[in-house]
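Written out below as C-alpha cells is the structure these notes cover.
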C-alpha cells in the first residue's frame, strides 16, 4: 500500500556487521489465503469465478462507454478509466491468490515479488487519484453547473486521468526502489497472498534509513491523505450546496448522483485505513488477509454493480446493446419527425 506503521517507528541505522555477511534472500514464501487443503479447493473455485466475473463486468462497462455516444461524458470517462484500472488491479493480485489456493504455500522470487509490489502500489496510487478526480467532477456538476462544460472539458479530463496513471507509476517506482534496497536475510515467509509493503517491512532485517522513511512518509501524505482530503472537501461543498437547494426533489437528484461514488470511496478507504493505520496492538495477520481480500477482490467486483445499478443511461445503453441495435443509428421515426419539423420551420 502507500505506507505502513512500521515505517513511522524506524530510525536511521546502518546494518550491523553480523548482517553484512548474511546471504541476501533470493525468494519469498507466500503462505496464501489458507493452508487447509479442503478449504483451498472450495476457495479456488470461488475466487476463480469472482476473477472471471470481475473481468467480464469491467470489460462490459468499458465497451459500453466506448460504443455509446451518450456515455461520452466526464463522469463516464473517469468510470471507464476506473474499470480499466480494476481489471489491471485484480490481475496483479489474483493470480498469486489462486496459485496459493491451488498448490498451497509457494516460493516467489525476489524480482517477481518486487515487480508485483511495483504494479500494486502504482495501481493503488492511481485509484486514489481517480477517486478524487471523480469527486471533483461531481463537485463541479452540482456546485458550479454553469461552468461545468469549461472546467470539465475533454482536455482537463484527459489531463486528470493521465496525471493519475503517471503519478502512480512515479510514486511506485520510488517506493519499490526503497523497499527493494533493504536487506532481507531471513525469515523469508510472508503471511499474505501477495507481496505487500507491510509484510515485506516486517521481515526486513535492517532498519529503514531516514531518507527512505521521509520518501515513504511524503508519498503517503501526498497521495493517500491528499486525495482523501480532496474527496472529503468536495463532498462537504456538495453537501452545503444541496442543503441550499429549495426543493426536496432537487436534494434527491443531487444525492443520487453521488451515492455510488460515496459507497465505493467508503469501502476502499475504510479497509485501507484500518490495515495501514490501525493501532499497533491489533496485529492479526489473518484479519489483514481478510481485509486485503475486500479491497483487492471485492471492490473491483462490486464497483461496476454499484456505479451502474441505479444509472438509467447505462441501463439504456446495455439494453440497446443486448437487442443488437446500432447505438449510432437514429431511432425509428426520428428522421421523419425531424424532416417534418424542418418543413414547418421553412413555411
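Just so you know, the numbers here start at 1 and follow the chain as drawn.
Backbone N, Cα and C define each Cβ position, glycine as well.
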Range annotated transmembrane segment in TrEMBL (choices 145-166, 167-188, 189-210, 255-276) is 255-276
Of 17-41, 42-66, the range TrEMBL tags as transmembrane segment is 42-66
Whole-number mean pLDDT, the domain 'G-protein coupled receptors family 1 profile' (57-307), equals 83
